[in-house]
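Novice: Input: one structure, supplied below.
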Amino acid sequence: MTYCRKANQTSYPFILPDLPYAKESFKPHFTCETFDYHHGKHHNSYVQNLNNLLKDREELQKKDLEGIIKWSSKNSEVTVFNNASQIWNHTFFWYSIKPHGGGKPSGKVFEQISQDFGSFEQFCEQFKQEALGQFGSGWVWVVYNNNKLQIIKTSNADTPIVNLMKPILVCDVWEHAYYIDYRNKRSDYIDIFISHMINWKFVEDNLIQ
């Protein structure tokens, strides 16, 4: 099972995927400097690290990225897991946002949110509280699990796919995701993420596939 074809990569050596939009298009909510560091340096470093870790590991070179994540988690290969998972998580995040996104979804996503959280407003409040409650670095996810949507948070490089949960949306709450533009105001960043960034079409595609 592939959890997300856009976030997965099928073959070694792995690459830094291009952003699915121009980095300038997120002004004023994200500056180009944020993308230069977050995508060009942080994300890229995970790619380079993983390729170096696998250069003499032919058995792992045959796996796709999701396969490496699952294998390394099961076999306690922490360094391999951290870098592989961070590649996947970041790519999933880039698709979770888009210029002029956010606001209220429609269609199947809105119906599912209303059913599982009571209202879109209650969903937003719970999402924000989970994001603010993540101590230190991590991620806040919306997953489809046991036939319903859930909001969960993971620390550091952890990812829900190792627990057989289907991610449909993620917000990066590592400080490098927002510190250049928002400093220590994670709350402001989360508000902007919800109101101006979420790519609801990507969320819908993940929900129905």
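From the backbone N, Cα and C atoms, a Cβ is placed for every residue, glycine too.
According to Swiss-Prot:
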BINDING   H38, H90, D172, H176  Mn(2+) binding site
BINDING   H38, H90, D172, H176  Fe(3+) binding site
Novice: Would you identify which of the binding-site residues H90, H176 has the most other C-beta atoms lying within 10 angstroms of its C-beta?
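Specialist: When each Cβ's neighbours within 10 Å are tallied, H90 leads.
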Novice: Going along the chain, which residues six or more apart from H38 (Mn(2+) binding site) have their CB under 8 A from its CB?
Specialist: H90, D172, H176, A177
Novice: Excluding H38, H90, D172, H176, please set out which residues of the same chain place their CB within 8 Å of the center of the CB atoms of the Fe(3+) site, keeping sequence order.
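Specialist: Leaving out the recorded residues gives H39, H42, H43, F93, W174, A177.
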Novice: Enter the number of other CB atoms within 10 angstroms of the CB of D172 (Mn(2+) binding site).
Specialist: 24
